Each structure stands twice: as C-alpha cells, then as structure tokens.
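Reviewing the structure listed below.
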Amino acid sequence: MKTVQAVIFFIGAICTLSVDSVSTKLQCKLPAVDIPKDWITMVEPCTAKMREQVQEELQAALTYMAMGAHFSRDTVNRPGFAKMFFESASEERQHAIKIISYLLMRGELTSEVRKLIQNPMPLNESWESGLDALKDALKLEAHVTRKIRDIIIACENPSDDGKGFNDYHLVDYLSGEFLDEQYKGQKDLANKISNLGKMLENYGILGEFLFDKKLLSGELF
C-alpha cells in the first residue's frame, strides 16, 4: 500500500478507495492541468488539411496492401509485384505516422484523435494485370501529391495587410520530407510502366513474368 501511495503522490492523482462486500477498488483521476496555449500556432484550414492527410495516407496504404494481397494469390502468383506493393503500403503507413507525430509536436492532437482514422478502405481490390496496377499506383501517388500541395498552399498564405498566415516550418517540412519523395516515387513508377509496356509489346504475357522476376530480385529500381 505504501508503494501505491508513493506512486499516487508522484503523479499527483486524486484517488478514492471504495470498499464493498465483493472487492476493494482504488479509483484515481488526474487533475486538469492548465497549459498555456501560446505555443500552439497552427491555423485553419491548415490544421484541418493536415488531419485529413492522415486519412489520405492510410487509404493509400490499404490500397497498396490490397494490391500486394491480389498479386500474392495463387491464381495470380506475381511475388515481385506483391513485394513491391507491400513495401509501398508500409511506406504510406509511415507517412501517416509522420503526420500524426508532426501534429503532436505542434500541439494539435489534444482532442478528437479518433477522427483521424475514419475506416479507410482500399480504392480497388483486384487488377487485370501488373501494368494496370502500376498505372493505378501512379494515379494514386499523383493524387496524394496534389493533396500535399493543397496543404502547402493553405499554409503558405501571406497577405499585404499582414493578416495572412505563413507557416514556414510546416511548408518546409512538407516540401523536403514529403514532396521530394513523392516526385521521385512518381518518376520511378512511370519508368516501370514504360519498361513493362515495352516488355509486353515484345514478349507478350511472358514480359510480365520476366518483369516480376526482376522486381523480386531487386534489379528494378
């Protein structure tokens, strides 16, 4: 009991001990803390768009996961495509975590955390070919890139009268941490679409099989 009291004293909790005929319960409630708000400087619609981007990244992650699952099916059996798309799913999930971490750093996740994730669903569940999946992946990345650019536009809005707002830090973070990766990823997908298209033209369905083997071995970057 002394140990419990010491812990209670340390965390500053208000606790009551209730005893009934069945059990003894210790109920604790932390007191409300009045934290200054001066350090919270993100503004609307910038804050709202950053919260929405979490959903966009998770939807992209689930779409890539669906692609990976599709190409893992025994009736499709394209392990190279599956490997690439599962890796892409992990990257998109990490993007969502990065955005959540940024919102936490800026003091914008003190409430309504549950609204960040609204049951995201994959955009599709099956694809006719590896080429179709790559084209959908490029469209998906272009969509995510546009959404990130929308955030930058919303957060970089100075005005001559001095009433506008320019969140320099967030704009720099998104430009360096996200856009650079987005543009490189889009170029990589465009290259893969070009290469696979040429292989299909020259070798037919065998071209996809060979392309998949290159993906699996890591020979395509």
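Residue 1 is the first one shown; counting continues down the chain.
Cβ atoms here come from the backbone N, Cα and C positions, even for glycine.
The Fe cation binding site annotation in TrEMBL covers E57, E92, H95, E141, Q182. Per TrEMBL, the feature domain 'Ferritin-like diiron' maps to 40-200. Annotation comment: TrEMBL describes 1-21 as signal peptide.
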Sequence gap of 6 or more, C-beta under 8 Å: which same-chain residues meet both conditions with respect to E57 (Fe cation binding site)?
E92, R93, H95, A96, I99, V144
Sequence gap of 6 or more, Cβ distance under 8 Å: name the residues on the same chain that satisfy this around E141 (Fe cation binding site), in order along the sequence.
A60, Q182, G185, Q186, L189
Give me the sequence-ordered set of same-chain residues, not including E57, E92, H95, E141, Q182, with a C-beta within 8 angstroms of the centroid of the Fe cation site's C-beta atoms.
E56, A60, E91, V144, F178, E181, G185
Fewest neighbouring Cβ atoms within 10 Å among the binding-site residues E92, Q182 goes to Q182
Please compute the mean pLDDT of the model over the domain 'Ferritin-like diiron' (40-200).
93
